[in-house]
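According to TrEMBL, the protein has these features:
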REPEAT    29-115  repeat 'Solcar'
REPEAT    123-211  repeat 'Solcar'
REPEAT    233-323  repeat 'Solcar'
């Protein structure tokens, strides 16, 4: 039959018996480092794009202070109105969230990939797509309350603060919005959107890596720092593949991201009673604002945000794997 497509993060030149898949049979010290260094990858990526995240949230939910502005006009208007630190509103909650989110997503991906291959006998492109989708959903559910708080803080504008900080936001949402269930508004579009986003992100990166190393190993690849028998992508190629993967995944799932944000903001928006369910919110946004200024509002900003974010995440992931001798 056809040769098996190399796994996402390990592409052997000639498959020696000693080469292990990530997360498989490594020593105890590596096990304790495993979630930590993968969380670092996510933190590094998000830190570089925090101002763009804040502007995207303001545009997606049509904050009345900035709804008449475009992407770059808003980027300029926020510092003038709220100071440069205004670009980082909600960043504290995002940093608290992204560390466990990145760790859970990358670790779950490796584990799901192994289980799917072993239990279902599925390998290659399909098991990579399935594992990526399941890993994204797992990470979202585990860290969703922190994302809710981050969005509420980021949507606030100077002089109109409803929440005084992360802890205060947790208390307010819990007491005024139905207890624990209040933290999971918008979970449905989040899960539905994360499946194609995470799945196509990992799938695209893995496919580009496999094709690149198979077709042009000398041009695009180099021996791994920790195992010369394993071929890995050069750093600039890693960045490019990660960026392309993020852009494709964002385009597919973006309308559901807009829906999620509107539902998360809940009582903060004047039209919250019209955005109670995923279908209801999609219809409302489309009817009120159309496709370009509604369902895809802020997409150009998201390209700017997601390309460096995904590029840094996948590149850091690969470099840390070599540093910890996991190849």
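Each Cβ is built from the backbone N, Cα and C atoms, and glycine gets one as well.
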Integer mean pLDDT for the repeat 'Solcar' (123-211): 85
The repeat 'Solcar' (123-211), counted residue by residue under DSSP: helix, strand, coil: 73 helix, 0 strand, 16 coil
Helix, strand and coil residues within the repeat 'Solcar' (233-323) as assigned by DSSP: 79 helix, 1 strand, 11 coil
